[in-house]
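These come from TrEMBL:
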COMPBIAS  1-14  compositional bias 'Low complexity'
DOMAIN    28-159  domain 'EamA'
DOMAIN    173-303  domain 'EamA'
REGION    1-27  region 'Disordered'
TRANSMEM  53-76  transmembrane segment
TRANSMEM  88-108  transmembrane segment
TRANSMEM  114-136  transmembrane segment
TRANSMEM  145-163  transmembrane segment
TRANSMEM  169-190  transmembrane segment
TRANSMEM  202-219  transmembrane segment
TRANSMEM  231-249  transmembrane segment
TRANSMEM  261-281  transmembrane segment
TRANSMEM  287-305  transmembrane segment
Amino acid sequence: MRTFSSPSLSSAGPAPAPRSPASTGQSGLWQMAGAMTLSGTIGLFVIESGQSPWNVVWLRCVFGALGLALYCWRAGLLRDTGFTRRTLLLALAAGAALVLNWVLLFSAYRHASISLATAVYNVQPFLLIGLGALVLGERPGWKRVGWSVLAFAGVLLVLPWHGTPAERHELLLGTLYGLGAALLYAFTALMVKRLRAIRPQLLALVQVTLGAVALAPFVDVSALPVTAGPWAYLVTLGLVHTTLMYILMYGAIQKLPTTSVAALSFIYPAVAILVDFVAFGQRLDPQQWLGVAAIFAAVAGVTLASRPAPTVAAAPRRNVTARL
């Protein structure tokens, strides 16, 4: 709303013009695209670090917590967090599921491939639908059930049906890790639904701080890097792929309608598959490509079928948890 200053305040100069909705939406698009592009490169940094999934996740949490704590402090978010005993316990439970989700997903990268793990991981919306029906009594409707069946068929198509027994075992193990990670993410999202009043940046800070503390006993200190190269990958995972990515993503979510957020989210798996091909020469066979396409089509279908009314979409969203 335009304001007018009194003559006594006119010497301070004109008030800055408010940003137009188009300008705000454009910045949100760039923020979301940047966040999803960063998400797609996480697998590369995990593999190149040379560390076990437990070590990688712990260090990501440590550096991510430092970065997010600094950001929240500078933004004044620590003055009144809005946490109660109940919401803090829910946030910690969601954080435990999210951190273990990272451990399983990073394990999937090593046993299968970034491409396959990412494709399987993207069935998480359908696991959330199932949990919502079982835990909250939500009725998914026939359309969602149909899209879920298509996603399940896609998972079957990306499963390793060829190769030596050892290769099939490794790929199957990676697929199961990816499904486990998706299930844990669905649990996280289910709990975060009850934390709408908590700022997402604070929620992320609680989650990674919990990870830094809880995973410390599982860290193999003797295996930590002794050269600068792996440390560069690990620090980047914490400060760029956690702190910066969360800031960009949550900033975009508050500026964009749900449909735009959902559409831009497909940048993440597309970049992950491209990175896997360029960096590691990983190629999917035609059957696996068909499975990936089925999963992505199902995710797009269930997202469009779940569009909220315009009045709801215009409100800032605070119940979204980072996938990675």
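Including glycine, each Cβ sits where the backbone N, Cα and C put it.
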Checklist line | Touch test for the transmembrane segment (261-281) and the transmembrane segment (53-76), at least 3 Cβ pairs under 8 Å | finding: no
Note to self: Quick test of the contact rule: Cβ under 8 Å, at least six residues beyond the ends. What residues does that give for the transmembrane segment (88-108)?
What the structure shows: 46, 53-54, 56-57, 60-61, 116-117, 120-121, 174-175, 177-178, 180-182, 184-185, 187-188, 191-192, 194-195, 198, 203, 206-211, 214-215, 321-322, 324
Note to self: Using DSSP, what is the helix/strand/coil residue split across the domain 'EamA' (28-159)?
What the structure shows: 108 helix, 0 strand, 24 coil
Next item on the list: Take a look at 53-76, 114-136, 169-190, 202-219, 287-305 and tell me which one has the most Cβ pairs under 8 Å to the transmembrane segment (145-163).
Entry: 287-305
Margin query: Out of 114-136, 169-190, 202-219, 231-249, what stretch is closest in contact terms to the transmembrane segment (53-76), meaning most Cβ pairs under 8 angstroms?
Written below: 231-249
Notebook entry, point to check: Are there residues at least 6 beyond the ends of the transmembrane segment (231-249) whose Cβ is under 8 Å from a Cβ of it, and what are they?
Noted result: 31-32, 34-36, 38-39, 41-42, 45-46, 48-49, 51, 56, 59-64, 66-68, 71, 200-201, 204, 208, 225, 320, 322, 324
Note to self: Under 8 Å between C-beta atoms and at least six residues away from its ends: which parts of the chain pack against the transmembrane segment (202-219)?
What the structure shows: 54-55, 57-58, 60-62, 64-65, 68-69, 72, 77-78, 81-83, 88, 91-92, 94-96, 98-99, 102, 192, 195, 242, 246, 250, 321-322
Next item on the list: Report the DSSP secondary-structure composition of the domain 'EamA' (173-303) as helix, strand and coil residue counts.
Entry: 106 helix, 0 strand, 25 coil
Next item on the list: Determine the mean pLDDT over the domain 'EamA' (28-159), rounding to the nearest whole number.
Entry: 90
